[in-house]
Amino acid sequence: MNPQASLIFAASLLLGTTITISSNHWVMAWTGLEINTLAILPLISKSHHPRAIEAATKYFLTQAAASALVLFASMTNAWHTGQWDITQLTHPTSCLILTSAIAMKLGLVPFHFWFPEVLQGSPLTTGLLLSTIMKLPPITLLYMTSPSLNPTLLTILAILSAALGGWMGLNQTQIRKILAFSSISHLGWMAIIIIYNPKLTLLNFYLYAMMTATVFLTLNTIKVLKLSTLMTAWTKIPSLNAMLLLTLLSLAGLPPLTGFLPKWLIIQELTKQEMAPAATLISLLSLLSLFFYLRLAYCTTITLPPHTTNHMKQWRTNKPTNITIAILTTVSVMLLPISPMILTIV
């Protein structure tokens, strides 16, 4: 892609996100969402492969429908209350429509069908943007309207997302689809706590974004898209594969690593809110996603491919690892010991 075009699209993404995050008026928030959608479409379809064009079309139709619902929810609220302020969303019907719209924007169950398909049709770098920065504006809108939302509805959506995200990722062989279902599962954890402690949702999102960025950038460096090619990629940069193993286990939420921190805090908060059954259920459902993270980790470092078949060994590359990946990996693995300091900041 032309560097000038890439710069314009990247600037538009930052602009759209900033407008939505900093706006008080619904129409400005909607404008930011629209700028974001239009800026990411060329990045999805830049390879001109039929799969990429299909992904861009699906993304555009879903996001257009969700944006229309956001506008409809805000207009309904303004009609009944005379308020266009985002924090003044008080009408029950508007809250219901907005929850559906944001769930569609994020890819929460039952509006999740577009997300794995779009991620599968996108390049890894665009997939990283779709999984992280494109989720920030909708989560910000949820954060600002959280006092008015329906707790029962969000809890049901969250548990269904954790269940389906784990369950549907089990039989996937394409890594981008596995990461898409992982994202749906993590969104379930964010949605369940948004009403009771919105800051925990943001903390979870930031840590998830860092861990996912590490995984996507590592996969992009070793040029891997399928589990079968992941098995033979260990000869390229062995140290990077070892770090990928730790990052995947952190993404799964295993205790000594960073990914355990948000899960631990969310379970603690749910127990304080007398929602122990929901906490137990969502913890058990996260075991489903643990299975496919372990499968990815197994293919990354532990399994050597069978030597009976002839396969080409990859050449070991001597180029130094990107400093960004090094920093992100360190943060994705080692933040748990300083969790008291993180909690004081949050």
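For all residues, glycine too, the Cβ spot is worked out from N, Cα and C.
So that you can see what the record holds, here are the features copied from TrEMBL:
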DOMAIN    23-288  domain 'NADH:quinone oxidoreductase/Mrp antiporter transmembrane'
DOMAIN    290-343  domain 'NADH dehydrogenase subunit 2 C-terminal'
TRANSMEM  56-76  transmembrane segment
TRANSMEM  96-115  transmembrane segment
TRANSMEM  152-171  transmembrane segment
TRANSMEM  178-196  transmembrane segment
TRANSMEM  202-222  transmembrane segment
TRANSMEM  242-261  transmembrane segment
TRANSMEM  281-304  transmembrane segment
TRANSMEM  325-345  transmembrane segment
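Sequence-distant residue pairs (6 or more apart) of the transmembrane segment (242-261) and the transmembrane segment (325-345) include at least 3 whose Cβ atoms are under 8 Å, placing the two stretches in contact. Just going by CB pairs under 8 A, the stretch in 56-76, 96-115, 178-196, 281-304, 325-345 that sits most against the transmembrane segment (152-171) is 178-196.
The transmembrane segment (202-222) makes contact with the transmembrane segment (325-345), as judged by at least three Cβ pairs under 8 Å among residues 6 or more apart in sequence.
Residues 33, 58-59, 62-63, 65-67, 69-70, 72-74, 76, 89, 130, 135, 137-139, 141-142, 145, 149-150, 153-154, 157-158, 160-161, 163-165, 180, 183-184, 187-188, 191 of the same chain, all 6+ positions outside the transmembrane segment (96-115), place their C-beta atoms under 8 angstroms from a C-beta of that stretch.
Sequence-distant neighbours of the transmembrane segment (325-345) (same chain, 6+ residues past either end, Cβ-Cβ under 8 Å): 203, 207, 210-211, 213-214, 217-218, 221, 240, 243, 246-247, 250-251, 255-261, 265.
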